[in-house]
């Protein structure tokens, strides 16, 4: 084998090892990002909502900092209710469509309907709520009490 081939093979192996250490996104999160993009007609990337205020992103505590952050708290609460119903909202896949009037759900099971409704409500709330750049990546230990 040629030295150049060995280098390429080594590089591929190393990159695969690095990729295996990246945890996968919850299945539903991918669908939720598409609902957000459909609802806001692509005006803001979904990742802007991942670390916003006290509730947008992982966890949440305290008083929401604004209307958009309240959307995230309502979404968190909705997922909590889904869990009480025996659903797994972060893993529940559902059918949805992005029409000219925005996104809508088209699902079969109770859990799919409930989780899709949670995500749809949040996506529409995000689309109508102002985004304040000052509330992105805030110090939650100080502002979320």
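Positions of Cβ are set from backbone N, Cα and C atoms, glycine also.
As annotated by Swiss-Prot, signal peptide applies to 1-21, with the evidence given as sequence analysis.
The DSSP secondary structure for residue 38 (disulfide bond) is helix. Taken from Swiss-Prot, the feature disulfide bond applies to 38-98 (among others), supported by similarity to another entry.
Positions annotated as disulfide bond by Swiss-Prot, on the basis of similarity to another entry: 54-144 (among others). In the three-state DSSP assignment, the secondary structure recorded for residue 144 (disulfide bond) is coil.
The Ca(2+) binding site annotation in Swiss-Prot covers 55, 57, 59, 76 and is backed by similarity to another entry. The DSSP secondary structure for residue 57 (Ca(2+) binding site) is coil.
Residues or ranges marked as disulfide bond in Swiss-Prot (evidence: similarity to another entry): 56-72 (among others). Around the Cβ of residue 56 (disulfide bond), 24 further Cβ atoms fall within 10 Å across all displayed protein chains.
The disulfide bond annotation in Swiss-Prot covers 71-125 (among others) and rests on similarity to another entry. Within 10 Å of the C-beta of residue 125 (disulfide bond) there are 17 other C-beta atoms, taking all protein chains into account.
Mapped onto three states, the DSSP output places residue 75 (active site) in helix. The annotation active site is assigned in Swiss-Prot to 75 (among others).
A 10 Å cutoff on Cβ-Cβ distances gives residue 78 (disulfide bond) a total of 18 other Cβ atoms nearby, all chains included. What Swiss-Prot lists as disulfide bond is 78-118 (among others), and the listing cites similarity to another entry.
Taken from Swiss-Prot, the feature disulfide bond covers 87-111 (among others), and the record attributes it to similarity to another entry. Within 10 Å of the C-beta atom of residue 87 (disulfide bond) sit 20 other C-beta atoms, taking all shown protein chains into account.
If you look up Swiss-Prot, you'll see 105-116 (among others) marked as disulfide bond, on the strength of similarity to another entry. Under DSSP, residue 116 (disulfide bond) is assigned to a helix (H, G or I) in the three-state scheme. Taking Cβ-Cβ distances under 8 Å and a sequence separation of 6 or more, the neighbours of residue 116 (disulfide bond) in its chain are 94, 95, 96, 105, 107.
In this view, residue 119 (active site) is surrounded by 28 other Cβ atoms within 10 Å of its Cβ, with every protein chain counted. Residues annotated as active site in Swiss-Prot: 119 (among others).
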From recorded positions 55, 57, 59, 119, the one whose Cα lies nearest residue 78 (disulfide bond): 119
Distance [Cα-Cα, Å, rounded] between residue 38 (disulfide bond) and residue 119 (active site): 12
